């Protein structure tokens, strides 16, 4: 039924293997393992536009979340009307909750095709071809090994042999553990970079379940060929690096991104104003902060305010305290420190 899919995946592996054979021995595990890794990288490069679309869809859903919450409260006793209103809201704003699943849906056929190809290569008899893989290449793949483990080997098969192939058991076991760990951290990193979301959101609930189910994937990995585990680890590693780059450069609203505060790019200013007012209030009551506390707040604010705040302050020149309470306290206590956005340095109030 899906032979056409297996033909495509196996043909891609053959093409990549042919190219790598000009660099490394064609019968080596590095040629076959490298073919699987390059296939994964090629696939993930093609999926970058879908990942960007997924990010935009996620941001759109975050923007609509307050309105969704309002609808949940309004129609909490009418589930059918609630679903209708939520879908209407999504349609009016061009949001699609399912668009975030596109990268995963595209990867699944490749994963299935690779699994079936390697499994049938492992079970193939001498002289038998597998889809687009000729009989000679099937024999080459069966004998290719990495650190003593063959590409089609699985942990369960290696454990079931008599005598046991301990090298294959150790290598495939390590691959299973690494694949489970990378899956866990991939899901966990994605959740940590999301702002506080609706707990009743099915997508949020699914992500939480994935965190707890990730270690269980190792049980399935025990039956996966070493080549499939290589694909799995490579794909997870790519996802981690891609998420780190995207979220660091374009942090989600409402999160502590690079150079961002709790309330966006001016969050550092807001926090410093609050701390300065509190410090002056304590001084008026005769209470002194611990030595170095204001310097620590100052450093944190400099980091939180970001480059935009500093540039704006330079254009304004020497700014005066914007908060009337700060200005009033500064007049009463001339030795207090007043923060000026233009320089973000300590200055005495005048």
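Cβ coordinates are placed from backbone N, Cα and C, and glycine is handled just like the others.
Listed in TrEMBL:
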- 65-92: coiled coil (COILED)
- 259-270: compositional bias 'Basic and acidic residues' (COMPBIAS)
- 319-331: compositional bias 'Low complexity' (COMPBIAS)
- 32-248: domain 'Membrane insertase YidC/Oxa/ALB C-terminal' (DOMAIN)
- 251-270: region 'Disordered' (REGION)
- 281-350: region 'Disordered' (REGION)
- 30-52: transmembrane segment (TRANSMEM)
- 97-118: transmembrane segment (TRANSMEM)
- 166-189: transmembrane segment (TRANSMEM)
- 210-233: transmembrane segment (TRANSMEM)
Stretch-averaged pLDDT - the domain 'Membrane insertase YidC/Oxa/ALB C-terminal' (32-248): 85
Sequence-remote partners of the transmembrane segment (97-118) [C-beta within less than 8 Å, at least six residues beyond its ends]: 2, 5-6, 8-10, 13, 36, 39, 43, 47, 50-51, 53-54, 57-58, 61, 90, 130-131, 133, 141, 151-152, 203, 224-225, 227-228, 231-232, 235
